[in-house]
Amino acid sequence: MAVEQTYIMLKPDAIQRQLLGEIISRIERKGYQIVQAKLMDLDSEIIANHYAHLLEQNFYSKLEAYMLSGPVFAMIVEGEEAIQGMRTLMGPTNVFAAMPGTIRGDFATDLTYNTIHGSDSPEAAEVEIKQFFG
Ligand code: UDP
Ligand code: MG
C-alpha cells in the first residue's frame, strides 16, 4: 500500500453535460484528495502527446475533435493506491462493459465520448502530471 498521485481529466462532455460536481463528489466520497485542479483548453499538440499511443488508430481524428470541443478539467488526485483505484471508479475503456456505479458505466455510451481520463500506471501518472501541471 502506498499513497499515490494520479492524473485525472474530466473530458469536454463532462463539462458540457454539467457533470463536474457529480464526478468530483464521487472522487471525494471515495476518500481521495484533489491536490491540484484547473480548467484548461487543449490544443492538437498536447492531445497528440497525451494520446501518442493512439495516433495510428482510425478513431484518432474523432478523438482529437472531441478533446478540442471544449475545456477539460485537469486534476491531480491523491490517495492510497489511487492510480488503480481511480481506474476502478472510472470503469473500463469499453464503456459497454462498464458496470453501473462506475463513472463510465453511469454516464458514457460511446467509446470516444467517455467522460473521464485516468492514468493507467505509475509511469503514466508521472509523465501526465508533468505534462499537465509542470
Ligand atoms: N478511444 C476511442 N475508441 C476506442 C478506444 C479508445 O475513441 O476504441 C478513446 C477514448 O476516449 C479513450 C481514449 O481514446 O478514453 C484513450 O484510449 P485508452 O486506450 O488509453 O483508454 P483509457 O485509458 O482512456 O481507458
Ligand atoms: Mg489510457
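Glycine is no exception: its Cβ is also placed from the backbone N, Cα and C atoms.
Per TrEMBL, these features apply:
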DOMAIN    3-134  domain 'Nucleoside diphosphate kinase-like'
BINDING   Lys11, Phe59, Arg87, Thr93, Arg104, Asn114  ATP binding site
ACT_SITE  His117  active site, pros-phosphohistidine intermediate
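Sorting each residue of the domain 'Nucleoside diphosphate kinase-like' (3-134) by its DSSP state yields 63 helix, 30 strand, 39 coil.
Each residue contributes its Cα atom, and for Thr93 (ATP binding site) and His117 (active site, pros-phosphohistidine intermediate) these two points are 9 Å apart. Ligand 1 lies under 6 Å from the Cβ of none of the binding-site residues Lys11, Arg87, Arg104. Every protein chain considered, the tally of other Cβ atoms within 10 Å of the Cβ of Arg87 (ATP binding site) stands at 17. When other Cβ atoms within 10 Å of the Cβ of Thr93 (ATP binding site) are tallied across all protein chains shown, the result is 12. The two recorded residues, Phe59 (ATP binding site) and the residue listed as 'active site, pros-phosphohistidine intermediate', have Cα atoms 17 Å apart. Per the record's binding annotation for ATP, residues Lys11, Phe59, Arg87, Thr93, Arg104, Asn114 show a top Cα-Cα distance of 22 Å. His117 (active site, pros-phosphohistidine intermediate) and Arg87 (ATP binding site) are 9 Å apart (CA-CA, integer value). Neighbour density around each Cβ, counted as other Cβ atoms within 10 Å, peaks among the recorded positions Lys11, Arg104, His117 at Lys11.
Among the listed binding-site residues, namely Phe59, Asn114, the Cβ with the most fellow Cβ atoms inside 10 Å is that of Asn114. A gap of 7 Å separates the Cα atoms of the residue listed as 'active site, pros-phosphohistidine intermediate' and Lys11 (ATP binding site).
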